[in-house]
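Data block below; observations after.
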């Protein structure tokens with residue numbers, strides 16, 4: 001007698017149309033729309049600084065505007081350098097603000113500078129310092145050679161006033177204005193007369209084989225004055241500058257005009273370089289202190305194109321996700337109707353497809369230990385990424401809070417060792433593994449050890465090159481202490497409790513494995529894995545371009561709302577793609593789905609690697625073997641993290657849940 005499948009409410013439709021998912025997508029869209037205004041959100045602790053003229057200076061109102069300098073970096077080199085590494089003007093009372101872990105890992109080195117301006121007092125051609133060079137002196141020749149190298153590789157200053165980057169705006173070839181939070185040391189013209197970098201916008205720089213040094217800056221500081229309390233005070237809302245090159249004829253007659261400051265190639269006679277600045281203050285009543293970062297974000301290059309591309313990507317992602325969901329619904333619905341239409345025992349005996357695999361679908365895979373370790377590390381990265389992006393959307397990790405993003409990510413990773421150990425040990429126990437202690441050690445040490453070894457090798461190169469991005473030995477010891485003293489014990493706690501439990505399967509596994517029939521090209525693992533990684537990569541490649549620009553082209557990234565939205569849709573797409581392709585494998589009577597479920601989504605990391613290689617050769621201008629090694633070394637860390645994250649997210653849980661239905665449905669729709 002046949003036991004018929006009850007055609008009630010479709011459980012898949014409930015999962016796709018439930019209000020919680022719609023609410024989640026609505027929240028993501030809201031956060032994405034708020035991204036453009038995220039800079040206007042300031043947290044308690046990021047208190048404004050009040051400025052006033054010297055005659056009204058108090059403990060709560062400063063009369064001097066101090067300028068701080070950060071590291072110098074270049075789009076043609078991965079090696080950043082501290083400001084004092086170059087022979088620039090130095091502060092006699094050098095002060096280094098305290099730096100958090102994220103700033104140290106990113107190589108930020110902020111220090112005070114000799115540039116100090118009395119508030120609301122205009123200064124014209126003010127001398128800062130004079131540097132003398134004699135090429136007969138080896139020490140001075142080395143400093144001059146390093147300065148030429150910085151100009152040749154287009155190293156950029158990064159100055160800070162009142163925790164705001166001082167931006168440099170210039171007109172581009174198409175008539176638009178482009179602003180960047182940095183300005184070059186100088187520019188040069190090759191032996192063939194080709195102008196490089198900033199020399200393209202200075203027609204007066206017309207001598208071949210000459211370096212031109214920007215030794216003068218015109219600074220404009222804008223403030224908003226509030227006259228409602230205590231007689232009035234001002235708050236700075238923007239800072240811009242324009243670099244200039246002047247060859248000053250003498251220290252007593254600084255006019256800041258005339259021919260540019262030239263530095264010839266090779267040895268030359270003695271010469272002096274005088275560094276000067278001009279500063280002016282402007283009042284702006286329309287810009288509030290809380291929204292002072294808007295002018296920086298609005299002036300970023302290609303901002304409008306980026307927004308259009310992100311919205312276009314969002315529409316494509318929704319379309320692809322809908323298509324995957326429809327295919328799943330229609331395929332399962334058709335199979336269920338086919339089984340319910342069985343009217344005779346002869347029909348019932350003609351089982352085929354996934355129904356034949358109920359006794360093999362949960363057979364443990366090969367390398368179960370490694371799969372469990374990857375799943376444990378993946379859940380750790382997944383939760384860390386989710387919380388970090390969510391906090392960034394709320395403004396806790398805004399650009400004004402330097403280094404907070406990396407600090408938050410590292411701290412969360414250290415504290416999330418417990419879920420990593422629990423998931424890994426429980427999955428290993430489910431797959432009939434018995435060496436749970438070995439599983440714990442691999443979960444705690446394998447992937448983090450690979451990342452640490454890679455970063456240590458990169459750090460050795462940075463040490464040799466004298467870069468400011470090199471992490472000190474004490475910081476390395478501190479990171480090791482956090483890893484071994486906090487993360488590893490927490491992983492053990494999770495593994496201890498996870499090893500006592502296992503997932504329960506709805507059917508038993510046969511003693512003898514079922515023979516797998518000959519597979520067509522389209523049902524073989526490689527084809528499905530390659531196709532399965534395309535959809536998730538299509539979700540992220542626009543954001544990936546922006547993130548790579550932020551890292552390697554030193555552009556400011558601020559679209560965390562849209563990034564969080566893309567993150568959520570990426571998870572949904574990965575789950576749907578894995579479920580769909582695994583269903584096709586089972587229909588082809590191939591029950592080796594465990595690793596394929598993992599690789600179907602994690603293969604997105606391969607596309608990420610291919611794209612980063614393309615980005616290196618097509619978009620970047622990096623020169624030098626050390627910079628190339630550093631680029632691909634850091635890229636491999638990013639690819640590994642992305643591999644664990646995409647391979648883990650809901651792949652096994654979602655597929656296991658769906659296969660419970662597939663395996664368990666055998667008891668419901670089978671004919672006794």
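Glycine residues also receive a Cβ, built from the backbone N, Cα and C atoms like all the rest.
Just so you know, TrEMBL annotations never went through curation; they're auto-generated.
Sequence annotations record features per position, and here TrEMBL assigns transmembrane segment to 307-329 (among others).
Annotation source TrEMBL lists transmembrane segment at 373-397 (among others).
Positions annotated as transmembrane segment by TrEMBL: 403-428 (among others). Counting residues 6+ beyond its ends, the transmembrane segment (403-428) has Cβ neighbours under 8 Å at 99-106, 108, 368-369, 371-373, 375-377, 379-381, 383-385, 387-388, 391-392, 396-397, 436, 439-440, 443-444, 482-483, 486-499, 501-503, 652 in the same chain.
Taken from TrEMBL, the feature transmembrane segment covers 440-464 (among others). Within its own chain, the transmembrane segment (440-464) has Cβ neighbours under 8 Å at 79, 107, 369-370, 372-374, 376-377, 417, 420-421, 424-425, 470-471, 476, 479-480, 483, 487-488, 491-492, 495-496, 626, 629-630, 633-634, 636-637, 640-641, 644, counting only residues six or more beyond its boundaries.
Below 8 angstroms of C-beta separation, residues 101, 104-105, 107, 376, 410, 413-425, 436, 439-440, 443-445, 448, 452, 455-456, 459, 462-463 of the same chain, each at least six residues beyond the ends of the transmembrane segment (470-497), sit close to that stretch. Summarising the annotation, TrEMBL assigns transmembrane segment to 470-497 (among others).
The transmembrane segment feature in TrEMBL is assigned to 526-552 (among others).
Annotation source TrEMBL lists transmembrane segment at 558-586 (among others).
According to TrEMBL, the transmembrane segment annotation covers 593-616 (among others).
Beyond the ends of the transmembrane segment (622-645), by six or more residues, the same chain brings 75-79, 153, 374, 377-378, 381-382, 385, 447, 450-451, 454-455, 457-458, 461-462, 464-465, 552, 602, 604-605, 608-609, 612, 616 to within a C-beta distance below 8 angstroms of the stretch. Residues or ranges marked as transmembrane segment by TrEMBL: 622-645 (among others).
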